[in-house]
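Features of the protein shown, as given by TrEMBL:
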type	residues	note
COMPBIAS	1-23	compositional bias 'Polar residues'
REGION	1-63	region 'Disordered'
COMPBIAS	30-44	compositional bias 'Low complexity'
COILED	146-193	coiled coil
DOMAIN	150-230	domain 'VPS37 C-terminal'
Amino acid sequence: MLRGSQEQQASPRIQEVPQSSWYPPSVVGSNSSRPSTPGSASSSDLNVQRPLDHSPSSSIGHVPPSEASSIIFLLKDKSVDELRKLLSDKDAYNQFLHSLDQVKTQNKVRDDLRNETLQLTRENLEKEPRILELRNQCRIIRTTELAAAQERLNELQMKKDETLKFYSPAALLQRLQEAKNKTDAESEALYNQLLEKEIDLNTFIQRYKKVRTTYHKQALTHLAAKSSIG
């Protein structure tokens, strides 16, 4: 009779997790995750804690062993009713979850990152008017000052090309040849004027000597330049 009365007193405590539990079926649907009788404290309490083991169906299956052991240490002193409440009451579970040091650390890191991101966003937004102003200035420079500077650069480039072409060795030789030919033609013209008696002999000698001296200088310069280039 005493044993029967003990079983009757224990039977009200053998209850399943409410069907409205927010846990996934892999957790609440397993008999191993439901507490049995108070008399089987060792097996019952261990079974209630099974959602915190390292099995694939566990909700903390990816938690490192050191962290999992610390969580189990926090759960082992809780009563069956408290554990059952964690399984069925989402608010109770969240309160317990956010009391863990690991979760507090993660939340702090998340909050710090969020605050830093918000601060950077504010700074960027504060700089936006200045960025727009600089962008407009760049556009003005590109369409006005840059265009004028580019045109001026093109002009200078053309002048440079012309100067280099004008003072190139081939151009210098060409001008020396033309000058020599012109001087030779002048001397020939003086000779014809003498023959036609357009000038007297003294005038011819003075002018002809000067022209031929210039011609020979030009001829020697042309020859030396041609030799050095060749």
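Yeah, the Cβs are placed from backbone N, Cα and C, and that goes for glycine too.
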Number of helical, extended and coil residues in the domain 'VPS37 C-terminal' (150-230), per DSSP: 73 helix, 0 strand, 8 coil
Overall pLDDT of the coiled coil (146-193), taken as the mean: 90
